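Data block below; observations after.
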Amino acid sequence: MNLFLAGLDHTTAPVEIREQLAFSQTDLPSALMQLTSSETGTPPLFAEAVILSTCNRVELYGVTNPGTTAQHVVDFLAAFHRRPAASFVHTLYFYQGEAVARHLCATAAGLRSLVLGEAQIQGQVRNAYEAAQRIGSVGSILHRLFQIALVAGKRVRHETTIGKGAASVSQAGVELARRRLGDLRGREVLLIGGGEVSELAAQNLIANGADRLTIVNRTSARAAALAERYGAEMLDFGALPQALARADIVISSTAAPVPIIYRHHVAEAIAHKQRARACGECDPPTMLLIDLAVPRDIAADVAQIPGVHLFTVDDLREVVSHTIELRSAVLEIAQQIVEEQVQEFLSWMRTQEALPVLTMLRQRAEEVRNEELARALRRLHDLSPEQRAVIEGLSRSIVNKLLHPPTRCLREAAAHGQGKRYASILAELFNLEH
């Protein structure tokens, strides 16, 4: 078995491809089961699996079974998403072994994010791990890897300043609106969605002076809670056309699998604005739409409407590129922390080499203990239960004390890359089948 990663992110694939391979929350159980189950009678691709799917990345982490290749994973992605492999294979990256651990630790630390040091990825990594754990596709190796990666993210944020003042995708979207339109006071802002991205957008809009905020979401309770928290107006999802008609700025971030805003929606909104101005010869009204969702919420051809300016998450680079320079001074420290966590994982992995021999040694010791204990008890008559318990405890204590030094020695040797050598010596000394 081998640690394996196949993925794509904002550096290798545009949003048009990322959205095609994104896994929704409803997709995850089926996808993870297909990766780790053997319903067809053939061995599954992975013994363990976690899928990390966000607006900027889709990554499959796994412990492969013998015979699994990168092509098998490409074929899985193509079949699951019903897309020809040729349309996306050139955007994929593949890592094995140590490189997987290094990539995940850096990802959890925000070092591979579009917005350098952003904190949301930490929660997204945790959510991906917990979702796989609930489904039962996490074993000991991915459990340890993700726990160590989450520690890496936490340490980087606590031991460096990389996260201080770090933007989020939401903040970058608001900054884009501010740069394009200037003062946000008096602007009609429509937020579509009720999740974390929308909440962060609301926070940043208010911080930047926005004072006319409307929130629309399919789940009215979520929208109502956000609206109350930030002093916004809440509208039912069915009122989206009316909300668009009065909006100057639209920021959308739902989990819809297909667009919720099409060209005719925006065209009608622009026409309504034009009529309201009672100026048939004036330039068309402007509308700024920022689509932070993957898959996208807003159809791409909306951008063809005069007066409409449509941006996606990929367009945020112009806003956040300066953060790389601003935070490059602490990158070296962050990368050092990541490397320390990677080495901790690798050390743990090496200790796993010792487990088979240690298990056999413990089993052999138990066999001898049980044989000798039974022989002794047969020779001792009329023992009370308390006396038998004392002798039983004595035998266990002797075995544990005798096994502790070689066990500790082998684990330490394995942690330093000498596990196979010491395991072979131990197996020969104790006549173990190894």
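Positions of Cβ are set from backbone N, Cα and C atoms, glycine also.
Quick look at what Swiss-Prot lists:
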BINDING   Thr54, Cys55, Asn56, Arg57, Ser113, Glu118, Ala119, Gln120, Gln124  substrate binding site
ACT_SITE  Cys55  active site, nucleophile
SITE      His103  site 'Important for activity'
BINDING   Gly193, Gly194, Gly195, Glu196, Val197, Ser198  NADP(+) binding site
How many other Cβ atoms are found within 10 Å of the Cβ atom of His103 (site 'Important for activity'), counting all protein chains shown?
21
Give the sequence-ordered list of residues that share a chain with Ser198 (NADP(+) binding site), lie 6 or more positions from it, and have CB atoms under 8 Å from its CB.
Ser170, Leu191, Ile192, Ile215, Asn217, Leu226, Ile251, Ser253
Count the Cβ atoms, other than its own, that fall within 10 Å of the Cβ of Ser113 (substrate binding site), considering every protein chain shown.
26
If you draw a 10 Å sphere around the Cβ of Ala119 (substrate binding site), how many other Cβ atoms fall inside it, taking every protein chain shown into account?
15
Substrate binding residues Thr54, Cys55, Asn56, Arg57, Ser113, Glu118, Ala119, Gln120, Gln124: largest Cα-Cα distance, in Å and rounded to whole number:
15
Local Cβ density at Cys55 (active site, nucleophile) - other Cβ atoms counted within 10 Å:
25
Euclidean distance between Cα atoms of Gln124 (substrate binding site) and Glu196 (NADP(+) binding site), Å:
11
